Amino acid sequence: MMRKPVVIGVTGGSGSGKTSVTKAIYESLKDHSILVLEQDYYYKDQHDLPFEERLKTNYDHPLAFDNDLLIEHIEALLRYEAIDKPVYDYSIHTRSEKVIPVEPKDVIILEGILVLEDERLRNLMDIKLYVDTDPDLRIIRRLTRDIRERGRTFDSVIEQYLNVVRPMHNQFIEPTKRYADVIIPEGGQNHVAIDLMVTKIQTILEQKAIL
Ligand SMILES: Nc1ncnc2c1ncn2[C@@H]1O[C@H](COP(=O)(O)OP(=O)(O)O)[C@@H](O)[C@H]1O
Ligand SMILES: Nc1ccn([C@@H]2O[C@H](COP(=O)(O)O)[C@@H](O)[C@H]2O)c(=O)n1
């Protein structure tokens, strides 16, 4: 049988705990061969746009992402070829100058708000997870994080949430729950769900004779 990496998609609304779930799975499997791709790093490059124009971009719409590049990179990793992963800088709303060289691994976790929205991405996944957290918790988490880590103000987070994030969530993200194999309530603190996922990934790796 030809060796092929396992691809796990992790999605859910902003602040749902996707990154925390991804980190928990990564930590449990880090003695094996595992890497993470963040869909956020594949936002379209906006270097050519002035900063003021970048503020107007809808970052919760499927068209904001360069999924063609993301798919190209996943397909290369599936052939066990290295990629140069872009790096995203939320404070300037575009990619940074840097790239991260990423060596191929046996497990690829693809994490992001709209990774289940694109059928081409779904078709590349072995397991699809949706992290399901109530909107009140998600906005509280996002507020704290965006002010601390993404250079935002209280007012800007609230304004963006009400005008863009919330309607886009209802239109594009929530409907992708139907594609999930597993729905994880509450995110990173759901140790039972995370352990089940880790066990399942190990079983797939054994079946593919990778472990
Ligand atoms: N169960 C939790 N309880 C409290 N804070 C959490 C919990 N899970 C995540 N957070 C915090 O909420 C913020 C968003 O979580 P994160 O995992 O980055 O979500 P996402 O990737 O879905 O946006 C982070 O600052 C994280 O530390
Ligand atoms: N320049 C940007 C790019 C993205 N966002 C927001 O990030 C959210 C996705 O990241 P999570 O870690 O929260 O899943 C998404 O809802 C965008 O609104 C941004 O504010 N600015």
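Keep in mind that glycine also has a Cβ here, set from the backbone N, Cα and C atoms.
Feature annotations, reproduced from TrEMBL:
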type: BINDING; residues: G12, G13, S14, G15, S16, G17, K18, T19; note: ATP binding site
type: DOMAIN; residues: 7-192; note: domain 'Phosphoribulokinase/uridine kinase'
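Structural mapping of features recorded in TrEMBL.
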residue : record           : CB count, 10 Å
G12     : ATP binding site : 30
G13     : ATP binding site : 26
S14     : ATP binding site : 24
G15     : ATP binding site : 24
S16     : ATP binding site : 29
G17     : ATP binding site : 25
K18     : ATP binding site : 28
T19     : ATP binding site : 20
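Confidence annotation: the domain 'Phosphoribulokinase/uridine kinase' (7-192) carries a mean pLDDT of 96 in the model.
Apart from the site residues G12, G13, S14, G15, S16, G17, K18, T19, the chain places the Cβ of I113, V131, T133, R138, R141, G187 no farther than 8 Å from the centroid of the site's Cβ atoms, the recorded ATP location.
Ligand 2 lies under 6 Å from the Cβ of none of the binding-site residues G12, G13, S16, G17. DSSP assigns G13 (ATP binding site) to coil, not to a helix or a strand. In three-state terms derived from DSSP, T19 (ATP binding site) belongs to a helical segment.
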